[in-house]
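According to Swiss-Prot:
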{"type": "TRANSMEM", "residues": "20-42", "note": "transmembrane segment"}
{"type": "TRANSMEM", "residues": "62-84", "note": "transmembrane segment"}
{"type": "TRANSMEM", "residues": "91-113", "note": "transmembrane segment"}
{"type": "TRANSMEM", "residues": "117-136", "note": "transmembrane segment"}
{"type": "TRANSMEM", "residues": "148-170", "note": "transmembrane segment"}
{"type": "TRANSMEM", "residues": "190-209", "note": "transmembrane segment"}
{"type": "TRANSMEM", "residues": "240-262", "note": "transmembrane segment"}
{"type": "TRANSMEM", "residues": "277-296", "note": "transmembrane segment"}
{"type": "TRANSMEM", "residues": "303-325", "note": "transmembrane segment"}
Amino acid sequence: MELHQLIAHKEKRWRATLLVMLAVLLVLSALYLMVGEVFLSPFSSLSSFEHKLLVDLRLPRLMAAMVIGAALAVSGATLQVLLGNVLAEPGVLGISGGASLAMVIALFLLPVMPTPTVFMLAAIIGALVFTLILVGMARAMHLSTSRMLLVGVALGILSGAFVTWAFYFSDDLSLRQLMYWLMGSIGGASWHHHMVTLVLLPVLVWLCLQGQTLDKLMLGETHAVQLGVDVHKVRWRLILAVSILIGCAVALGGIISFVGLVVPHLLRMAFGSENRFLLPLSAFAGATLLVFSDIWARTLLDSAELPLGVMTTTIGAPIFIWMLIRSHDAH
């Protein structure tokens, strides 16, 4: 097979996979809107209560699952290129923890309950600070994969400790509700909270279009400069975009781990590392994974609802362990 035929075949395979993923997402979305404590049949007219349940509860929650899953998956894929580490992920590296810590600080310092916009800004600042710490340490100290993971885990533990202290000394009910939410939950998502989505979506689309630039960065700084990339400027733009996505995702749904690790890594294993295709496919696959996980979180138990973060951790942790073993065997 000639080179141009091979490239055309590969592009066709990526596009076919993208269409299949979109179809799966649409089917799961329809199922998501139907199932729950009250089953909504698509073949019968809805009562006023059922219509309100669909429009005011299930639809905004479905949208939250989609945008959070897409944002985390694309952020993970971008971080893996920026840090040169296939195991990089916002939750594992402690970046999500930094966003949650900033939100708790905002909750303590402000005299009134912060609005979703204030929470979002605090989360973005926290994610940006932790991302800069990681990128700075990785570049200055030339950290190996294992050492970078240790630094990320340490940052996550540190932020988690501060958050736990804050909850322990607080009698405020809102803080206790926030603690459940920080475990990863979109149960309280409403249209009001989707002000955050208005900020997230343009950044997500922009980042999905940066695939060719990321492909050049993967060749190394020297080659990227020769190919016309302003590496310094591009790196800072990508860091800011990733921080905005992670901050918005945490503000909307709390800490949801492993989506940004599992989705891009499995897609790379199956289809290759071309970021111009990988990033859009990661967005659809991340959205699909989170919609699927939240269906299980809502329906697995009759008497309670599981935090979404628990479901993604249950799915992602075994895959993460397998990836660590595989990485060790490769060396």
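Each Cβ is built from the backbone N, Cα and C atoms, and glycine gets one as well.
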Mind checking which residues of the chain, 6+ beyond the ends of the transmembrane segment (190-209), have their Cβ under 8 Å from one of its Cβ atoms? 56, 60, 63-64, 67, 70-71, 74-75, 78, 116-117, 120, 238, 241-242, 244-245, 248-249, 251-252, 279-280, 283
Cβ pairs under 8 Å with the transmembrane segment (277-296): which stretch of 62-84, 91-113, 148-170, 303-325 has the most? 62-84
For the transmembrane segment (117-136), I need the partner stretch with the highest count of C-beta pairs below 8 angstroms, choosing only from 20-42, 148-170, 240-262, 303-325. 240-262
For the transmembrane segment (62-84), out of 148-170, 240-262, 303-325, most C-beta pairs under 8 A are with 240-262
Sequence-distant residues near the transmembrane segment (240-262) by C-beta distance (under 8 Å, 6 or more away from its ends) are 64-65, 67-69, 71-79, 82, 87-92, 95-97, 99-100, 103, 116, 119-128, 131, 181-186, 189, 193, 196-197, 199-200, 203-204, 206-207, 286, 289-290, 307-309, 312-313, 315-317, 319-320, 323
